[in-house]
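Asks: Okay, these came from TrEMBL:
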BINDING   107, 397, 398, 399, 421  L-glutamate binding site
ACT_SITE  379  active site, nucleophile
């Protein structure tokens, strides 16, 4: 009898141990870490780790890709305010679970009281001084609101809370942000400089605690009262008052009348995939043009020899030069026809340009149709991809570093200088117009109904830093032809 009981107890103990082992294994597997840069359920990519984490946390709370993107962008407004914030504008590319792709354009527009002679003030180099004349009507918050209304899941206010907490309590000044503080160390930017100064009046250094308490108050009002408080309420009145004190032309009516646009994405075939991108004034058509040129060379093998690599990169850079010549033709569709821009996506157009590419020489700027212009300095970008195939790719900008360098002390908002993008690209500026965002802001590749790959840029122009990524795209196209994608070297091209 005693032995029988012992056997029973032993069996029970073994069963219990097995159950514990199974539970432990399940827990370990459930919490296993994916290889670096890969994720099992979803991914959020902002231009800082903290903002990516905030976007991820929103997804884990049941938020949609749009919810995650908005939360990450709000975070970026304090982590990298030199590049983006609610004083600027944005463009969303959104794919829902059914595979439909929409564009929400909330870029800045020209104010009604714009000085008609403003473009005569364009400098030969990128401006570095504070200048309120170039401030466009901010569309950022209206864009968030429209995207959230159409695609959001969590309450609007929930998206703001992580950034409000950070802004109010403070955080270590990021190294990248600290690099740009010398640009505001001038007598004309004292209000902005004060934001980044310690109690002794010295500029903060990387790692010092920085707070955005007034901006936290503004974000809290928007979170609790909705976007109208920014465009027609208390914030609007304070913001316009501060701008006009600095000599700006924006009015309460400019803010109150601001509207976003919602359109279908443009799409072009790319192998068995469809590539989606925003229509003008965004510049996604430039990528389509470049890929069509390169596709015509029918490279069907790896680049094995040095001569093959040289020829490939030569042709690639020449394609970029011709793409720069097209930028001046990508204009605001409210005032210009899209017929010419649409033609740039056609294979026949690329065929005609490819004939002009010499395999053994380059040419002067006029050959490529390039006219000198001033390039934008930078933006921020957020991409979100979820398990069901829905995705968001959004770019936000205040244009140059710290935008116009006009800081609204009543609201904590740094204002854009988006109108400066008209310099050397247009002969005049129309009220409510947007200059071409000639950047490959964001694009999707889709097969069947799900987003397969997202691309977006934190660099503002289709040149220079982004080139390496475009090569990745082309290598990805090679993969569809039986070749493997790989991380390429960076190509630096001027102009």
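Cβ atoms here come from the backbone N, Cα and C positions, even for glycine.
A quick note: this is a predicted structure, and the numbers were derived from the prediction, not measured.
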Asks: Rounded to whole angstrom, what's the largest C-alpha distance between any two of 107, 397, 398, 399, 421, listed as binding L-glutamate?
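Replies: 12 Å is the greatest Cα spacing among the residues binding L-glutamate.
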Asks: Rounded to a whole angstrom, what is the C-alpha distance between residue 107 (L-glutamate binding site) and residue 379 (active site, nucleophile)?
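Replies: The separation of the Cα atoms works out to 12 Å.
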Asks: Distance between residue 399 (L-glutamate binding site) and residue 379 (active site, nucleophile) at the Cα atoms, whole Å?
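Replies: Answer for this pair: 7 Å between alpha carbons.
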Asks: Give the helix, strand or coil assignment DSSP yields for residue 107 (L-glutamate binding site).
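Replies: DSSP assigns residue 107 (L-glutamate binding site) to coil.
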Asks: Which of the three DSSP states, helix, strand or coil, fits residue 421 (L-glutamate binding site)?
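Replies: Looking at the DSSP assignment, residue 421 (L-glutamate binding site) belongs to a helix.
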Asks: If you measure residue 421 (L-glutamate binding site) to residue 379 (active site, nucleophile) at Cα, how many Å is it?
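Replies: So the Cα of residue 379 (active site, nucleophile) lies 13 Å away from that of residue 421 (L-glutamate binding site).
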Asks: Please report how many Å separate the Cα atom of the residue listed as 'active site, nucleophile' from that of residue 397 (L-glutamate binding site), as a whole number.
Replies: 5
Asks: Going by DSSP, give the three-state secondary structure for residue 379 (active site, nucleophile).
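Replies: Note: residue 379 (active site, nucleophile) is coil by DSSP, not helix or strand.
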Asks: Check residue 399 (L-glutamate binding site) against DSSP and tell me helix, strand or coil, would you?
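Replies: The residue in question, residue 399 (L-glutamate binding site), is coil (DSSP, three-state).
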